[in-house]
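Read through the structure below, which is laid out as structure tokens, and then see the notes.
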Amino acid sequence: MIQVMNWLSMAIGLIPLNRQQLQSNFMLDYVMMLIMPCLYLASYLGINLFHRFGLPFLDDCNSVCRLSNNLFMHLGAFLYVTVILLSLYRRKQFFVDFETRLAEIDVIIQKCRRVAELDKMRSQAVKHSVAYHFTWLFVFSVFIFALYYDSRELYLTFGEYAIIPFMVSSFPYLAGSIIQGEFIYHVSVISNRFEQINKLFEKINQEARHRHAPLTVFDIESEGKKQELKPTPAEKAAATKAIFSNEPKLADELKRQKAQPPKQEDEDELNTSDEEDDDIFDYNDGMMGENTDTSEANLPDLFKLHDKILALSVITNGEFGPQCVPYMAACFVVSIFGIFLETKVNFIVSGKSRLLDYVTYLYVIWSFTTMVVAYIVLRLCCNANNHSKQSAMIVHEIMQKKPAFMLSNDLFYNKMKSFTLQFLHWEGYFQFNGIGLFALDYTFIFSTVSAATSYLIVLLQFDMTSILRNEGLMT
């Protein structure tokens, strides 16, 4: 499925041909990314400047059909021009960086799997669930139906020149949806890597659950503080007497120390950085010898992996997040006017005008298609965020169990605590979003439905009967 989408993206000029090779022919890689925008602009300008091969210039197209088609065409132009400009800006560097970082992450994951003995399990091909295959089959079916309906109606109207109006009707929404498909693929890869490191964290958690802690258990956060005993009145009096009897000796000792020059101050200042370096946990030497062959030895590498995958999420959102904004805006507008045309026009005069029915159904089909794609984007972004949060939750659960390896070396505890605290700050810093305008999660659906409801309340109050009667669609 992913390969088919990549080939289609290269065929219509959305990504370079050799996107993972920096040292390749520049003209060959970007020839389709230049040809397809030129064809689109030629079709768009030809329809609007020469008034040919466009629905608004047909005699059978009434005012409602003309207005709806113009809105659909100009909105598609905004979507396609924005998407193609951002695609040209991205070029190859992102794809090369993504694959390079992903290869580094996979190497460390395989190393951790060998240490955790997960690679000894019988390796099976990844079997996607029935929902996965059904989702892709459903999405492809919706797109094929939308393209078939549009091309068939345009061919019945314009004959062999149907490709010209098709370029300004369905093609922009197809291109925007394919770009979102690329975003879906990259986010799914990130989510899959989070799932893999969560399995490794869960293996450590299971071992901590089955292993017994030592009999002598102490609180690490107490830092060895002992419980103070209250002295008796006799002990207080003896201690006071000893202090007063030692006052002359203490005074003589203070005078002797003041007379000596301070020799160690400079050395202490110079050794400050060394002491700070000693406090930093060494990922290579901080392990206890007895734990090198067990799964908790993966903790340092897993912390590194989590940071690398989060960094990969940042660059992915930086590349595809801006393209989500025009796509979500187009989806919003098409959906609102699709509902308006279906309820206020098609329910009243359905079957009276073939072109008006075509435009109305085109709005409905593409509003449904774009909403499906937008929902998949939001769902996968939420899954990736949830998997990243799950890592911190598993580590926190391990800390609560206080396993033997953590009690025998408090560096493990300090690093796990730092990891959970770091992720708490990271969660407030980053989330998949559309250049900061909105978060790509399920809350976006609620915000969109609320805004759409407000607009529909206004639109549905318009009385279309007089307009339809003037156009001869009502008696």
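A Cβ is built for glycine as well, from the same backbone N, Cα and C atoms used for every other residue.
Keep in mind the model is a prediction, meaning the values are calculated, not measured.
Quick look at what TrEMBL lists:
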COMPBIAS  265-281  compositional bias 'Acidic residues'
REGION    253-281  region 'Disordered'
TRANSMEM  27-51  transmembrane segment
TRANSMEM  71-89  transmembrane segment
TRANSMEM  130-149  transmembrane segment
TRANSMEM  161-185  transmembrane segment
TRANSMEM  324-341  transmembrane segment
TRANSMEM  361-381  transmembrane segment
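Ranked by Cβ pairs under 8 Å to the transmembrane segment (161-185), the stretches 27-51, 71-89, 130-149, 324-341, 361-381 are led by 71-89. If you look at the transmembrane segment (361-381), the same-chain residues 6 or more away from its ends with a CB under 8 A from one of its CBs are 68, 72, 135, 138-139, 142-143, 145-146, 149-150, 153, 169-170, 173, 176-177, 180-181, 183-184, 187-188, 191, 324, 327-328, 330-331, 334-335, 337-339, 341-342, 346, 432, 440-442, 444-445. Among residues of the same chain six or more beyond the transmembrane segment (324-341), those with a C-beta under 8 A of the stretch's C-beta atoms are 64, 68, 71-72, 75-76, 78-79, 82-83, 173, 176-177, 179-180, 183, 359-360, 363-364, 366-367, 370-371, 373-374, 377, 434-435, 437-438, 440, 444, 448, 451-452, 455-456, 459-460. Sequence-remote contacts of a segment are chain residues at least 6 beyond its ends whose Cβ falls under 8 Å from one of its Cβ atoms, and for the transmembrane segment (71-89) they are 13-15, 30, 33, 36-37, 40, 44, 47, 54, 168-169, 171-173, 175-176, 179, 322-323, 326-327, 330, 333-334, 337, 359, 362-363.
Same-chain residues lying 6+ beyond the ends of the transmembrane segment (130-149) with a Cβ under 8 Å from its Cβ atoms: 1, 170, 174, 177, 361-362, 365-366, 368-369, 372-373, 376.
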